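S.K.: Supplied in structure tokens, the structure appears directly below.
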Amino acid sequence: MLKTAAKKSLTAMLAGTVMLTGYTGLWTGSQTAHAADQAIEIQADGINETRFLQLYAQLKDPANGYFSAEGIPYHSIETLMSEAPDYGHMSTSEAYSYWLWLETMYGHYTGDWSKLEAAWDNMEKYIIPVNEGDGKEEQPTMSKYNPNSPATYAAEKPFPDQYPSNLNGQYAAGKDPLDAELKATYGNNQTYLMHWLIDVDNWYGYGNLLNPSHTSTYVNTFQRGEQESVWEAIPHPSQDDKSFGKSGEGFMSLFTKENQAPSAQWRYTNATDADARAVQVLYWAKEMGYNNSEYLDKAKKMGDYLRYGMYDKYFQKVGSAKNGTPTPGTGKDSNMYLMAWYTSWGGGLGQGGDWAWRIGASHTHQAYQNPVAAYALSDPAGGLIPDSPTAKADWNATLKRQLEFYTWLQSHEGAIGGGATNSIGGSYAAYPAGVSTFYDMAYQEAPVYRDPDSNTWFGFQAWPLERVAEMYYILAESGDLTSENFQMAKKVITKWVDWTKDYVFVDERPVTDAEGYYLNAAGQRILGGTNVQVATTPAPGEFWIPGNQEWQGQPDKWNGFSTYTNNPNFHAITKGPVQDTGVLGSYIKALTFFAAGTEAENGSLSVKGQEAKELAQNLLNTAWDYNDGVGIVTEEERADYFRYFAKEIYIPANWSGTFGQGNTIPGTAGVPSDPAKGGNGVYIGYSDLRPAIKQDPAWAYLDNLYKTSYNPTTKKWENGAPTFTYHRFWSQVDMATAYGEFDRLLGDSSTPGVQVPAAPAGVTAAGGDKQVVLNWNAAAGATSYSVKRATVNGGPYTSVATGVTGSTFTDTGLTNGTAYYYVITAVNSAGESAPSAQVTATPQAGVTVPGVFTLSGTAGDAQAVLNWTASTGAATYTVQRSTGTGAYANLATGLTALTYTDTTAVNGTAYNYRVVATNASGQTNSNVVVLTPMAAPISTGTLEVQYRNGGSSASGNAITPQFNLKNTGTTAIDLSKVKVRYYFTKDSAADLSFWCDYAQLGSANVQGTFAAVQPAKGTADTYLEISFSAGAGSLAAGAETGIIQTRFSKNNWTNFDQSNDYSFDATQSAFGAWTKVTAYQDGVKVWGMEP
């Protein structure tokens, strides 16, 4: 296993007040990444806002490596990766659109919108290829474009092996209806859209031809049809003057074939979903109070040009190719009124380069639709209607068309199918017999690409349906509860949420077979259907969401919403549970907007809305424990990484050229191509094409594992698949904004009220004759308990008792010699807890009950010390306590020692104590002793210690106490002679590290050390001792030190359990005098009470 980012200290406090240490270079757009830091104090109102701000700080900390020296967000911190980008230090229009979302949420919380504007400026400089004011023309010949002849036709092919494709003009292109009005509106037709991919560090070596001052370089990959995966693509420059590639031809001759050598040219391609997301985010910025018309106008302009993404690739009339003979479009009859996969544009370079071209795309994928952007660009309430005369009408039409599209593609289960095309095979082939249609476009299970199929990834459910959830919320909030648009949005998102909830788990792990199919309790595959019941096993602290889907059938032909059939023969089979944190963030936002939509529609949360809200909060809480100090991540097993070593990149015969990293391709490493795929060239491997990948820090790990684990015959990793931890920028932003949006729309769930209880702790099991005796500690807030049993280690479990009101249960009627496995859950009106840790016992015959024994005890200050004699035959002891004539409750279970100290006692209260001896045959009670703890005198000198909890929960990897010292005397106090002690349980032998994140008297003047409490107490075995250097000065009479924000963690970053710590109080959110923290002056205790 390789982890490519080490855990490190967190850069912001989980606190009511969050200190964000920022870097001017990243926050203002400066190209200097090491500018002076600045501290910003933000008062956070709740846990989810605080977590957003902490993730924000982690993302913006230069030490974490999310941004380049030019301030560009990398796709990932780590570099060895291959997905859509084939290297981690690429960046995408997707990453930029997420950056805008991050800064919009930051602006919402702080009122500081300069970060959003700086992000847009950086986007305009490095990934929107326009003259950003430096005189460098990055679309130098766009003015030569002829809208009456947009481009020359070349067919798409089934395999990369069949490229280059003849640029033969078999079908004349239709006319571009937008160019004239865009020129009239903006004075030129320089396309204001992002190119989708940039090589941020110029790793490929092509350089930025048209703006050499930039390190970042425009590149492209996918050019050769639906089967060209990232493993088969050839990265090439978007500004190709033929310096690289084949001599005299550049890289163009890999993709298209002409009668003469191809001309030098520039060419760009957008990803429509990313530009639409940028518009969507600016809509929300406006809704949150942002009002700078300069940048809102830029979003409008982007939306104006984004309309090219609605058009067929060669502007052919929609539906005209159903018989295999397309008709060139005129006017807007080539407009699909849906977001296609891309739009591309380009032109000539150098002498004779006075030409330009433009294409759309014929394939529409459900994952790229964005009704929120369409609403923002068409409805006056959206506020972003572009200036071109027909833009509003176009976007208004596509708003309805997109919602119809989702409705048409929704399966019987609720998942959304792939999409539609206006060009079968990318060559305008005749539609297959019986194919379903949508506005004369043909259904496609996997539009655009097939390696893997494009609509199998669950991320392509969560991304777009989050936008549908937003649309439902927007319409409900506006009071539009009757329109067809509202009805479609509500219907689609409600059914989709219902489907997903059956396959999403918190504190449980779904049971699957070896191929990833979910199983029910009977061990049968779940192959679709609604309201399914997936078998689970307890997995405290884990979350699981679907990984992918399979598809059966097709949607019925679309004839309008009024005749929608609900697609009874179109099915989704859900598979492959994963822990994908990025997709999780989008999914949580979908739940959040759906829940908020039900509240906006009904005045209060509906039942389904309440369920969605609770699931979202549970997922947010669970995900936070995966924060490694750099971001929220999980380990990923990458079985597909054998393809780093496969030979599958096709190079045509007689083609040889120079790659950007200096190597000749194909060189001598090629193997003959597969003639069945239509080519006669060679295949080369990933590192044959990109030799620099072998210098990557992670390559040795991957290479060694491939040689020792991968079996090319079975195609399996027989000694373990590669495992990586990736900090993807978009993924971290999705999680950060999930915390922010939940807080913004639904408030903070940490407000007072009934909470689901924690899982019971201290569970023990002892086997007797045909029975098992179970004991556990009472869970705070629980009103009853459920006992669940299995005969297989790890479950699945069946319920054997519910409504148990005590903290013990005897399971009878069992078979001696059989091992039984148990978990306990705690229940109250808010719900059922996660399962406890599993315990096991095996009933045996012939064991006698424990012998008689004697209990004694001594009362102390807020504690009682208990001692007892040994009970003959006892396996374990349980300490119980009651008051008056009340029932006994367990204080501790599973004890083997003959002593116990109750540190939860309240002074002045008389307690009845008894001990229960347990073995496999039964239980024996001790005598009862009555003890009344009494308070010791509290020191109150001239120094008062005030404390508040910095925001840490009872379970977490950091403890965050904050202090304020007040001089209540009449003379000054030398702070260098003062020490403050905070008491806690260490919970492990790991070493500890201390940080002072902020102090009004100077964090450098605050030190922290750790020492053991002697003897250890039940509530404290260690204390943090804070001292002050001479630089802290003296504290005048009546003065206060001001806030001292401290934090400490274990060096192995495992969690603390603070639930019973002496000095901790989760509810202490404001400073107040706190006697459970002690202070010493010249070694003499002057404040507080030691444990």
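Note that Cβ sites are derived from N, Cα and C of the backbone, with glycine treated the same way.
From TrEMBL, here are the annotated features:
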type	residues	note
ACT_SITE	Glu94	active site, proton donor
ACT_SITE	Asp273	active site, nucleophile
DOMAIN	939-1091	domain 'CBM3'
SIGNAL	1-35	signal peptide
S.K.: What is the Cβ neighbour count of Glu94 (active site, proton donor) at a 10 Å cut-off, with all protein chains included?
M.R.: 23
S.K.: Look up the residue listed as 'active site, proton donor' in the DSSP assignment and reduce it to helix, strand or coil.
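M.R.: For the residue listed as 'active site, proton donor' - judged by DSSP and reduced to three states - the answer is helix.
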S.K.: Please give me the CB contact count at 10 A for the residue listed as 'active site, nucleophile', counting all chains in the structure.
M.R.: 27
S.K.: Take the C-alpha atoms of Glu94 (active site, proton donor) and the residue listed as 'active site, nucleophile' and report the distance between them in angstrom, rounded.
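M.R.: Approximately 8 Å lies between the Cα of Glu94 (active site, proton donor) and that of the residue listed as 'active site, nucleophile'.
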S.K.: Could you give the mean pLDDT over the domain 'CBM3' (939-1091), rounded to a whole number?
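M.R.: Over the domain 'CBM3' (939-1091), the predicted model scores a mean pLDDT of 91.
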